[in-house]
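Listed in TrEMBL:
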- 1-10: compositional bias 'Basic and acidic residues' (COMPBIAS)
- 1-22: region 'Disordered' (REGION)
- 30-213: domain 'DH' (DOMAIN)
- 254-455: domain 'BAR' (DOMAIN)
- 506-569: domain 'SH3' (DOMAIN)
- 577-590: compositional bias 'Basic and acidic residues' (COMPBIAS)
- 577-597: region 'Disordered' (REGION)
- 602-665: domain 'SH3' (DOMAIN)
Amino acid sequence: MADHETDEPSSRTGSPDGEGRVSGERLLLHQRLAVRELIDTELSYLHMLRLCASDIRSCLQQLPQGDLDVLFSNIDDVIKVNSRFLHDLQETASRKEEQVHLIGNLFLECHEELERVYKVYCASYDQALLLLDTYRREPELQREIQSIIEAVVPQAGPSGLSFLLVIPLQRITKYPLLLQKILENTVPDASAYPVLQRAVSALQDVNTNINEYKRRKEVASKYTKVEQLTLRERLARLNTHTLSKKTTRLSQLLKQEAGLVPRTEDKEFDDLEERFHWVSLCVTEMKNNVAVYLDNLEAFLRFRPQEYDLDIPGGPVVQHCSLMRDLQLQAFPHFKQRLKGLVWQPLCSLAKALAGPQNLIKKRLDKLLDFERVEEKLLEVGSVTYEEQEARHTYQALNSLLVAELPQLNQLATRWLGQILRTFVGLQRELAQQVLQRAEGSLAQLPHYHLSEPAFRKLVEDALGQTGHQLRSFQENFEKVLPPPTMQPLLPGAERQVQALLSRYGPEKLYQVTSSVSGAGTLDLTLPRGQIVALLQNKDTRGNSSRWLVDTGGHRGYVPAGKLDLYRVIPRQEEVKEQEWPHKDSRHLTPEPTPAPVPSVPVVTQVVAVYPFVARSSHEVSLQAGQLVTVLEAQDKKGNPEWSLVEVNEQRGYVPSSFLARAASPAPWGWSVPS
């Protein structure tokens, strides 16, 4: 009986149920060990990150701030995310039965946030390694850094800072392995099993996405560098391969412009690019305006009337000089210093930050042409070379990166620019308050100091209204006297070209360039002010109505629509002069049997310049409105009466005949305002 009892446990242990129970307990034990490893290593990892961010970074303050930003990247964001993650991990320990299930759900909830912060850190890791290589070339600096690392983290060894910087990369790649280990020790029919499977897959995708983002960044980094190369350096970079690529791209572009091949449409990117273009334009315009403002401020500070002897004894003059001296020496220089530090320097930094993306957008267009050509070949042949496949991947990487990051860049740049504008307005307001405070004693001497603000505002409005009425009356009288406005004069020698365009397209298709055009694109034209062109199409191939296709008589291309004005064919000079100077008083005319034709400009000693004119070559001479002009010849050397040879301020040259009028009286301006 005793033997039977002794053998019973042995037989129970060897049964399938017993073996299954032992296997389940072993799996549960390994599962708990894997969970414990996950939590313990996370705790140790977070401790190391905090050492890097606090102790080590604070001890490396001798390095430039820009270097510290590259070395430690967004480690503060990584610490913030992993701190919350560790806290939630530790919370799962209180619910042992559901711990594995909770861990799987936790990874599913946090994987997007982990990807967001780790992809930024991983993308900047290579740049941090390059920076460490430069430190190794300076033995003294390298020893100083190494001593700091060994004092804080002795286990770093000779690897030093590179040992610490690689830890986040190792951690994000280890998460799928730790989850896989927990999954392998979980029975398939457990409720946590499918959750863990999804968590493993999600963390693997996180690592894949980080690698892809890192690859895109590496591709983009080659094209974001803005190099200022001389013409000699650009020519030195040309080779057969480069010329072949550029020729192929130009051929693809011309095919698209001619409509032979379709153009790849990307509405999302086009909208983002247009938004970025306007932001860049606003930054450039504001930078130019602030530069002019600073120049004017500098000129204002150089002018010091209080230092001159006005020969006016005492009283308000002394008080005014004292106030101006105070403002010139304190208020205005302080304002200028703050303006440079709070407005000008941030504006320059913003413009510099936008230069890289601008270059990247330009490169994307080149890569798009390569991509379209390869896609066309792929459809025709069915296969492409390795180099062509790399060109496809390069375009896809650039396009994906720009589409993903341009919205944030546009938003940040707009916010940055708005803050600069608000700062500029605030500085102006503070300056006005300071001036008013310092001038408080002088305000009592103003003529209308006793008036309240509403009464003073009304006084100013009434004065401005009265002055405006006087100006309008003068303008109306002025326009009655002057000849009607004329078109911008034709360029010398352009009559034959205009006649050719007129006979080919008709007068309703002729336009005149109102200001000089500098072509930026491949098919854009460069035209001088006054050039006559014929309109071919009032939009480009993309349907953009702000770019018109025109014909100059020799070249065809695109011109901004805003710089074109409809050209009205000018009547003959005899008709114009007959309208401009009707014979009102026959007493001053010498009767002749046969009236001679009226020339373009009366052959008299002096006439008056009706409009200002700026000389564009050495053969022309500039005029000011109302200036007395001596006419030497009423036509040019070819007999064209539209240009007259004149003498002004002892200088000779040609001016448009229609810009001149008869000097009817010895009044300084050559005309009298009718009563």
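Note: Cβ is positioned from N, Cα and C throughout, glycine not excepted.
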According to DSSP, how is the domain 'SH3' (506-569) divided among helix, strand and coil residues? 6 helix, 26 strand, 32 coil
Based on DSSP, tally up the residues of the domain 'SH3' (602-665) by helix, strand and coil. 3 helix, 27 strand, 34 coil
For the domain 'BAR' (254-455), what's the model's average pLDDT? 83
